[in-house]
Amino acid sequence: MKKLTEIQGRDVVEYTLTNKAGMKVTALNFGAVITGMHVPDGEGNLHNTVLAYDNPENYADNSVFFGAAVGRTSGRTKDAQFELDGSVYELAPNDGSNNLHGGKSGFTHRFFEVEQTENKLKFSYDSPDGEEGFPGNVALTITYSLTERNELHIDYAATTDKATPLNLTNHSYFNLGDGDITDHTLQLSSDYFYELDEESIPVKKQSADNNPVFDFREPKKIKEALYAEDPQIAIVQGGIDHPFELNSGLPAAILKNEQNDITLTIETDNSAIVVYTGNMLGEEIQANGRKLSRHSAVCLETQHVPDDIPGIILRPEEKYEKRTTYRFTNTAGLSQ
């Protein structure tokens, strides 16, 4: 492990996991941020498949949530409030009038305690009752495990002493090659997506049969959707930022860069995935040794559909347990 900088008067430390196949994963104790998923391409060259700031001091703000653990809720909560068991809870608005990704100081901006073993990093954080307006003391652990098959498992576990919304995800931005992700191919195990309103709140479940722009059941290049003349593309500044309902028992998503033949397969026990095509990224952000541009990367956020408060309530007698797996392969046999 190594110290990168200081934030809030505390050391920001980066931890490293490696395997015999050459894959390397790096993560911070601040926000449980994943700064690297380094995988060999077909020629054995190591490539960081996620975006990370060149200047680690930028994680103090991290307004685009690079690599971060997101919670207590993922996505937007309409009007920054919700009703639970007869009480109305007011959250901090940080996206217009809405609450985004748990608030101004959600898990993305918290220090975690870290326990490292040979192939695992266990991040622990106790979120106090009332933090960001949410009820209940929540005890959270997030464990990153690297296998010899070039898989990264993310395991979430949490308990609470009061009923509270909980909908966690990781906000890594994936780019399997160089340049942008418009020529990456994407496949989703999803028959339905959610249309958004003008504030990017999911409002209507829609069949992919009714809108081929959002039909990724067969692999297609991401640019086919980005350049489509569709009001749902325009509503999020020319791109995708939509939840997709997942079919059970199948890989949630398969992302591929044909130039270097690196393929990312995502499996999860979550019920949905939010695809975000980096619509707000710009050259003011310096990451991975270059200035960024729109669509420099794509987020594949496994979670429950945002703003579905009844569907994401964790109660004291329950335990929150979710897993997402990222598996990297190529035709050179990167994953054995």
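Quick reminder: no glycine exception, Cβ is built from N, Cα and C everywhere.
Here is what TrEMBL records for this protein:
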{"type": "ACT_SITE", "residues": "His171", "note": "active site, proton donor"}
{"type": "BINDING", "residues": "His171, Ser172, Tyr173, Asp241", "note": "beta-D-galactose binding site"}
{"type": "ACT_SITE", "residues": "Glu301", "note": "active site, proton acceptor"}
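The beta-D-galactose site is set by His171, Ser172, Tyr173, Asp241; from the centre of their CB atoms, other residues of the chain with a CB within 8 Å are Val64, Phe65, Phe66, Phe174, Tyr276, Gly278, Ala297, Val298, Cys299, Leu300, Glu301. Glu301 (active site, proton acceptor) is 10 Å away from Asp241 (beta-D-galactose binding site) when you measure Cα to Cα. For the pair the residue listed as 'active site, proton acceptor' and the residue listed as 'active site, proton donor', the Cα-Cα distance reads 6 Å. Taking the Cβ of Tyr173 (beta-D-galactose binding site) as reference, residues of its chain lying under 8 Å away and at least six apart in sequence are, in sequence order, Val50, Leu51, Val64, Phe66, Gly67, Gly278, Leu281, Ser296, Ala297, Val298, Cys299.
All protein chains considered, the CB of Ser172 (beta-D-galactose binding site) has 26 other CB atoms within 10 Å. The Cβ of Glu301 (active site, proton acceptor) has 24 neighbouring Cβ atoms from other residues within 10 Å, across all protein chains displayed. Residues near His171 (active site, proton donor) in space but far in sequence (CB under 8 A, at least 6 apart, same chain), listed by position: Phe65, Phe66, Gly67, Ala68, Ala69, Val70, His101, Thr108, Cys299, Glu301. The Cβ of Asp241 (beta-D-galactose binding site) has 22 other Cβ atoms within 10 Å, all protein chains considered.
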